[in-house]
Every structure is written in structure tokens, then in C-alpha cells.
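Visitor: Can you read through this structure? Questions will come right after.
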Amino acid sequence: MEEIKGATMNKEDDCESGSKIRCNGNRIPARVVLGILSFFAFFTNYMLRVNLSIAIVAMVKEDNSSATIVSRNLSSETESFSSEGDACFRSQQLETNSSEEYLNSFDSTEIGEQFEWDSMQQGILLGAFYWTYVMSGVPGAILARRFGTKFIYGAANGISAIFTLMTPFAARTSFTLLIIVRLIEGFFSGMTWPAMHTMASQWIPPHERSTFVTTYMGNAVGTAFTYPLCGILIDKYGWPSAFYVPGFLTLIWCFFWWILVYDSPNSHPRITKEEKQYIEDAVSPTLHKKKLPVPWLEIAKSAPFWSLAFANFSVLWAFMIVIQYAPTYLKTVHGFNIRAVSKIRKFRC
């Protein structure tokens, strides 16, 4: 009897901590559900962001200048190889030739209507998203505190998905309309990151936040997933599918986000009492109901702040350049088609 009683007390202690999934019986803890949906929130958010980067390879007609650049590059490579008698270089030349044959083996297929956008127009189109993206971060945080992350993040991703679905229509209508669509997408997408920080402050105990923020890596996974997916879709169904599929997947995410996520444990109808109490005990000391003054001067004079800001800016600058312009670069400079761009990871130096 004492052993049974002791085991019962230990189980109750585990349930009081709220940190064990088994305390909810067969029910997954609410904050685990939040973490899963947070991962796919960033996953779909980046699908909507980078799909144009791969689709534009198929959307734009190849001009003569691009073909000339590719021809010159291949000629210079051939000359450099032929001038060397080393067996290693000859081996590399054979590998390069086989790679070129692989690329050229793809027959051109009907991938949808193409547009005569010059390099400047393409640059404007790819960059338009970020013009408004950088403007909406602070408003996104303010709106999330006032109206809740559930509404702000859900609406931001949902509206971005709707305008993504409109992209093929906008592209066929006018270049200006397409720019407007991308500006709107960028503005709403910029609200998502600060909004999720607000949600985490309400739901995630301080000692679990380092684990929760790993769900933000949905952005990297979404980016890596979108390139090959869009390459396959464009090759089989045309470039409009690169906007339709991510758009519909995001709307599906919105449905689950709306029915499963709540702004705080107090507003969640299905959370267990044990988990709710555990979160409130851990989070309440970190929340401030009154508005605290922002030490702007101290922030401006803080060397660690500027070091972190510069490092973050540098990383994001490089990351955004690669995900936005790499497909266009591979097509324009190296002559890769849509299938080759989507399968570029198969090549090794």
C-alpha cells in the first residue's frame, strides 16, 4: 500500500509540474500544439516569400544577352581546360561536359505565359516584397499586443496567401499590379515575427523558450522545401502552380491555426488545469501589465546591442540575397533551366 501511495504521489508531483506529456492523458499539451503550428507558420510564411524567386526563372523570356553571357562562360571554361595538360583538369572537364549534357538534355516544355521583363524590372519585382516588409515589424508587435497573436499572425499569413493566389492574375494583367501585390504580401509578412514573440511571452515558460524558438527554423526548412517543390510543379504544371500550391497550403494552415491556437492559457478551452497552472506560475512573474518606459538612450549607447544588430543584419543580408537572386543568377549567368535550378544540389565540385 505504501508503494502504491508513493507512486501515486510521484505521479501527482509530475502532473503539478505540467512538464510531462503523460500528465494530459492522451491529450498533447497545448504548448506542444502551439510549437507544431508555429513551425508550420514560418514554414508556409517562407513558402509565400521565396516562391517567386524560383518561378521568375520560368516566367521571364530568355534574352540574347543572357545567351551570350552563357556562351562566353562556357567558351572560357573550355579554353582554360584545353590549355592544361594535367590529368586532373581533364577529368574535371569531362565532369563539366557531362554536367552540361545533363542540363541540355532537358527539353523545353510549355511552362506558361512568359514575360519580357528586363533585369531592372526583375530586380524591382524581387525586392518589392522587402520594401514594405521592413516597415511592418513594429506595427506588427503593437497590434499583436492589442489584438492578440492568433488574429494578427493568422490574418497576416492568410492575407499573404490570398494575394499569392492572385499573383498569376496580377502578372498577366500588368507589371504594376504585380508589384502592388508583392508590396502587400511583404507588409503583412513583416508582422509575423514580432507577433510570434508576443505569443511566446504568454505561453512559454522562460526555461522552455530556448526550445520553443527552434520552431522558428520552419523558415529555413520551408525555404529548402520550396525550391525543389516549385521546380517540380513548374516543370509539370506551369509557373502559376508555384503560387497556387503554397497559397492553398497556407490557407489549410490558417484553418488549424484558428481552431487550435489561443492567445493565452486562460482563453484556451481545452487546456488541462495542471498545464494551465504550470504556465501561469512560470510566466506571470515575467509579464508586466503596466507600460514600462523604453530606455532609448541606453539602447543607442549599448555596444552589445549594436554588435548584435550588425551581426543579425549581415546574416540576413546574405541569406536574403541568396534565396532571392540565386535562381535568377543560375539562369542568367550559367544557363540553367527550371529543372536544373531545382536540382542544383545534385552537382558537386
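In case you wondered, yes, glycine gets a Cβ from its N, Cα and C as well.
Feature annotation from TrEMBL assigns transmembrane segment to 28-48, 124-145, 177-196, 216-234, 241-260, 305-326. Marked as domain 'Major facilitator superfamily (MFS) profile' by TrEMBL: 37-349.
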Visitor: Tally Cβ pairs under 8 Å between the transmembrane segment (305-326) and each listed stretch (124-145, 177-196, 216-234, 241-260), then give the stretch with the top tally.
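Guide: By the under-8 Å Cβ criterion, the transmembrane segment (305-326) pairs most with 124-145.
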Visitor: Under a criterion of three or more Cβ pairs within a distance under 8 Å and sequence separation of at least 6, are the transmembrane segment (241-260) and the transmembrane segment (28-48) in contact?
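Guide: Result for the transmembrane segment (241-260) with the transmembrane segment (28-48) is yes.
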Visitor: Ranking 28-48, 124-145, 216-234 by the number of C-beta pairs under 8 Å to the transmembrane segment (177-196), which range is first?
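Guide: Against the transmembrane segment (177-196), the leading stretch is 124-145.
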Visitor: Below 8 angstroms Cβ to Cβ, which residues of this chain, lying six or more residues outside the transmembrane segment (124-145), approach it?
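Guide: Result: 49, 52-53, 56, 117, 152-153, 156, 175, 178-179, 182-195, 197-199, 320, 324-325, 328.
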Visitor: Across the domain 'Major facilitator superfamily (MFS) profile' (37-349), what does the pLDDT come to on average, as a whole number?
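Guide: That stretch averages a pLDDT of 83.
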